Amino acid sequence: MALDCLLLFLLASAVAAMEETLMDTRTATAELGWTANPASGWEEVSGYDENLNTIRTYQVCNVFEPNQNNWLLTTFINRRGAHRIYTEMRFTVRDCSSLPNVPGSCKETFNLYYYETDSVIATKKSAFWSEAPYLKVDTIAADESFSQVDFGGRLMKVNTEVRSFGPLTRNGFYLAFQDYGACMSLLSVRVFFKKCPSIVQNFAVFPETMTGAESTSLVIARGTCIPNAEEVDVPIKLYCNGDGEWMVPIGRCTCKAGYEPENSVACKACPAGTFKASQEAEGCSHCPSNSRSPSEASPICTCRTGYYRADFDPPEVACTSVPSGPRNVISIVNETSIILEWHPPRETGGRDDVTYNIICKKCRADRRSCSRCDDNVEFVPRQLGLTECRVSISSLWAHTPYTFDIQAINGVSSKSPFPPQHVSVNITTNQAAPSTVPIMHQVSATMRSITLSWPQPEQPNGIILDYEIRYYEKEHNEFNSSMARSQTNTARIDGLRPGMVYVVQVRARTVAGYGKFSGKMCFQTLTDDDYKSELREQLPLIAGSAAAGVVFVVSLVAISIVCSRKRAYSKEAVYSDKLQHYSTGRGSPGMKIYIDPFTYEDPNEAVREFAKEIDVSFVKIEEVIGAGEFGEVYKGRLKLPGKREIYVAIKTLKAGYSEKQRRDFLSEASIMGQFDHPNIIRLEGVVTKSRPVMIITEFMENGALDSFLRQNDGQFTVIQLVGMLRGIAAGMKYLSEMNYVHRDLAARNILVNSNLVCKVSDFGLSRYLQDDTSDPTYTSSLGGKIPVRWTAPEAIAYRKFTSASDVWSYGIVMWEVMSFGERPYWDMSNQDVINAIEQDYRLPPPMDCPAALHQLMLDCWQKDRNSRPRFAEIVNTLDKMIRNPASLKTVATITAVPSQPLLDRSIPDFTAFTTVDDWLSAIKMVQYRDSFLTAGFTSLQLVTQMTSEDLLRIGVTLAGHQKKILSSIHSMRVQMNQSPSVMA
């Protein structure tokens with residue numbers, strides 16, 4: 001109450017500006033003690049004001065004497081921090097014309113001066129009497145003067161004048177009055193300054209504020225919100241003008257949540273049973289249905305037991321409950337497809353956002369145990385968040401029992417500690433056709449044929465009788481397609497046109513009929529030039545083979561002759577000269593060999609020889625997609641004459657480059673231009689005759705492999721991942737056969753197109769690893785920069801880069817792919833990685849990695865580089881895995897490789913975690929933090945009781961993420977069982 005009264009007082013007192021008096025002669029009861037010079041000038045006398053109060057005044061009237069210069073100096077006046085001073089003077093002046101015989105020197109005005117100083121410097125003995133040290137304020141003239149008649153009638157006409165001066169910076173000042181021939185009386189002098197008063201405005205208190213140094217000055221005053229009020233938007237402030245008045249309000253305060261305004265000067269707490277949710281709300285409101293606020297100042301009403309409020313529900317909305325289960329389920333089974341229909345729940349919980357989730361479980365024949373359905377089961381329109389009471393489920397196993405739980409959920413189901421209400425239905429599927437073939441690979445191609453291979457479907461659902469292949473030219477539609485059949489999982493398609501791209505699909509057939517066609521994949525026949533080039537490359541090999549055959553026959557004849565003559569010539573001298581051996585190089589005669597562009601005397605000649613110059617008018621830049629070592633990378637389009645427009649990636653050379661930077665930039669084009677393989681990034685050409693200089697390559701829609709895998713964690717099958725690895729290995733096989741060593745093979749340098757085809761890229765860094773000083777991936781070794789985690793030990797120690805060291809790097813890429821882009825060696829330092837490798841430690845298998853693939857990784861990581869497989873062997877091994885998917889069923893474990901020490905990414909010590917947030921951060925699943933907390937899993941003890949159905953219910957739908965979280969929960973449960981105190 002006292003505070004409210006104070007605020008009301010401040011508000012009422014804000015009507016007028018405040019004046020603080022520094023000196024007022026009207027209040028003096030003794031002599032003023034001012035200094036006059038000369039003594040015959042100003043005279044202090046006692047008098048009466050208009051109210052007959054006794055006052056001390058000064059008067060002067062030497063009008064009959066010429067050359068008057070009478071000074072009156074006040075005592076020292078302390079300015080008290082004021083910057084501008086006001087002086088109010090009340091005085092009377094005799095009219096000169098009313099004085100008889102007055103000389104012409106009679107005046108009716110006087111001058112006002114001031115002098116700043118930090119201390120008292122003027123006394124009666126040491127006063128200064130000249131205009132020099134003073135600053136003149138003004139010449140003061142009377143508005144009215146009095147005459148002899150007025151004087152006789154005691155009618156004094158009093159003048160009041162106010163003058164201001166400033167800015168002042170010293171501690172105080174003196175005032176001086178100069179008379180130079182007037183007959184006047186200085187009745188009173190009041191010296192004061194102005195300030196803006198304390199005020200309450202917009203629920204904020206503003207303190208007393210002095211005016212500025214100038215009459216036009218505006219002084220900012222920051223306001224303070226009254227109790228239980230808060231600022232809105234910008235900081236609240238007012239401006240104090242030169243007249244001591246408030247103006248230009250900026251910002252405001254309002255009563256905070258739980259408080260409402262009272263008389264515009266106070267914020268009162270909302271009473272029990274009411275609430276105010278935000279500052280913006282006008283006043284308190286009654287609690288909505290199924291909620292209450294037992295105490296005052298409630299910003300929100302809490303829901304009663306069994307009722308909840310969704311995160312997106314405003315506080316004004318009533319609390320609601322969870323729905324009951326769906327009703328009256330109807331199922332329709334068609335081979336391996338099912339249609340489920342049901343009626344909505346009887347109770348919706350008071351909400352209209354009811355949706356449905358389908359939980360699929362595959363069971364044993366006796367239904368005593370069930371497990372989560374495979375990831376390839378398809379739900380139409382979707383599995384989670386269904387808005388209609390119908391779903392179509394396909395790609396189920398044939399002759400298999402299933403249980404489907406249909407959950408009813410609404411916006412508050414995640415708030416309930418209990419699982420959603422559901423209804424279950426048990427179903428057994430019928431005989432079905434095989435599933436789709438996952439992928440196809442090109443074995444070889446001629447001008448008029450293509451040879452393809454593929455693995456059998458993951459769900460054959462019986463014995464595969466044969467395969468049907470559908471193909472057509474890409475420029476046509478599938479209505480013009482042709483068909484071919486094969487008894488095996490390979491086929492040669494003949495009768496094709498040279499240089500054409502064909503779209504191919506394949507499907508398997510069992511006694512139940514044909515399965516669905518596989519996804520569309522594109523393959524191209526050779527052009528006439530390709531065929532002749534291949535023939536030219538193979539001709540020397542054929543000739544060499546024929547020559548070798550002739551030599552072999554001649555050798556046999558010669559040996560027989562020598563043997564027949566051996567006895568006759570046994571006594572002849574034995575030749576003592578040794579045969580001379582000459583090395584002719586590793587490549588077979590006629591094989592295309594990579595040429596280092598830096599062996600050219602003029603590197604620009606290599607660009608002209610290996611890269612096609614493109615007119616810049618054929619190139620259209622669209623958007624920035626990244627930044628490279630030399631400049632920005634763009635997505636664009638290329639339209640060459642006579643060819644269709646295609647999307648391309650455009651690397652540019654930034655402005656201000658040196659000639660060396662230009663050569664280094666274009667060297668990558670000189671390297672890429674020598675390669676022609678479906679798993680090597682294709683160079684379209686270069687632009688060197690205009691600015692900026694550009695390297696134009698094919699556009700890869702899915703970007704770098706490592707980030708692509710992380711974005712799609714758990715969404716690819718093992719056979720799809722093996723298909724990606726096979727493509728990378730095929731590209732590296734091609735490079736190794738050309739005697740090209742990549743040196744920087746890693747998932748970040750593999751690009752992925754829209755068909756999941758992987759292509760080796762980034763040939764610019766392979767020569768200049770030592771020049772990179774910024775990327776932490778590349779660590780110093782022997783004066784250079786090396787990507788330690790991907791590099792073979794001999795390359796780290798001795799900079800010995802070979803195709804065998806690329807094989808080591810390929811093993812790391814395999815590990816990256818099977819772990820969906822996880823960082824090799826995790827958070828180990830580069831030096832720890834080097835030490836571990838030297839001690840023969842190797843990476844363990846990623847989660848759910850087939851044992852055959854991990855064994856291939858270990859083969860690639862043999863310490864003896866000569867013991868590592870060649871890329872041709874790796875391609876053959878992967879092809880066998882693709883043809884026989886059963887070989888990938890066995891999952892690798894650390895204990896399965898006793899002869900090889902493996903690094904063990906230590907399981908986090910769950911006893912060190914105190915919150916669910918800490919645990920999710922440790923296992924890199926922090927994106928699900930809100931889902932866990934919203935669903936009520938707020939402690940680690942509750943988390944250890946979670947199942948796969950719980951994860952699905954809270955929104956963890958990716959299989960890879962589910963496995964990772966469930967594996968961590970299992971480890972946590974084991975640790976907690978071993979340390980019971982953790983559960984406390």
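A Cβ is built for glycine as well, from the same backbone N, Cα and C atoms used for every other residue.
Residues annotated as active site, proton acceptor in Swiss-Prot, with sequence analysis given as evidence: D744. Under DSSP, D744 (active site, proton acceptor) is assigned to coil, being neither helix nor strand in the three-state scheme.
The ATP binding site annotation in Swiss-Prot covers I625, G626, A627, G628, E629, F630, G631, E632, V633, K651 and rests on sequence analysis. Long-range C-beta contacts of I625 (ATP binding site), restricted to its own chain and to partners at least six residues apart, with a cutoff below 8 Å, comprise V633, Y634, K635, A649, G703.
For 19-201, the entry in Swiss-Prot reads domain 'Eph LBD'.
The average per-residue pLDDT of the prediction over the domain 'Fibronectin type-III 1' (322-432) is 89, rounded to a whole number. Annotated domain 'Fibronectin type-III 1' per Swiss-Prot: 322-432, in sequence order.
Per Swiss-Prot, the feature domain 'Fibronectin type-III 2' maps to 433-528.
Summarising the annotation, Swiss-Prot assigns domain 'Protein kinase' to 619-882 and lists sequence analysis as the type of evidence.
Look at Swiss-Prot and you will find 911-975 tagged as domain 'SAM'.
Residues annotated as N-linked glycosylation site in Swiss-Prot, with sequence analysis given as evidence: N334 (among others). In sequence order, N430 are the residues of the chain that are 6 or more apart from N334 (N-linked glycosylation site) and have a CB within less than 8 Å of its CB. In the three-state DSSP reading, N334 (N-linked glycosylation site) counts as strand.
Mapped onto three states, the DSSP output places N426 (N-linked glycosylation site) in strand. Marked as N-linked glycosylation site by Swiss-Prot on the basis of sequence analysis: N426 (among others).
Around N480 (N-linked glycosylation site), the same-chain residues six or more apart in sequence whose CB sits under 8 Å from its CB are Y472, E473, listed in sequence order. Look at Swiss-Prot and you will find N480 (among others) tagged as N-linked glycosylation site.
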Measure from the CA atom of E629 (ATP binding site) to the CA atom of N426 (N-linked glycosylation site) and give the result in Å, rounded to a whole number.
60
Given the cut-off of 8 Å on Cβ pairs that are 6 or more apart in sequence, determine whether the domain 'SAM' (911-975) and the domain 'Fibronectin type-III 1' (322-432) share at least 3 such pairs.
yes
Measuring Cα to Cα, how many angstrom lie between G631 (ATP binding site) and D744 (active site, proton acceptor)?
20
Three-state composition of the domain 'Fibronectin type-III 2' (433-528), taking helix and strand from DSSP:
4 helix, 42 strand, 50 coil
How long is the line from the C-alpha of A627 (ATP binding site) to the C-alpha of D744 (active site, proton acceptor), rounded to the nearest angstrom?
18
Suppose the ATP site is I625, G626, A627, G628, E629, F630, G631, E632, V633, K651. Which further residues of the same chain have a Cβ inside 8 angstroms of that site's Cβ centroid?
T652
I'm trying to understand the geometry here, so how far is the Cα atom of D744 (active site, proton acceptor) from the Cα atom of E629 (ATP binding site), in Å to the nearest whole number?
15
Protein Cβ atoms within 10 Å of G631 (ATP binding site), excluding its own:
19
For A627 (ATP binding site), what is the secondary structure state per DSSP, taken as helix, strand or coil?
strand
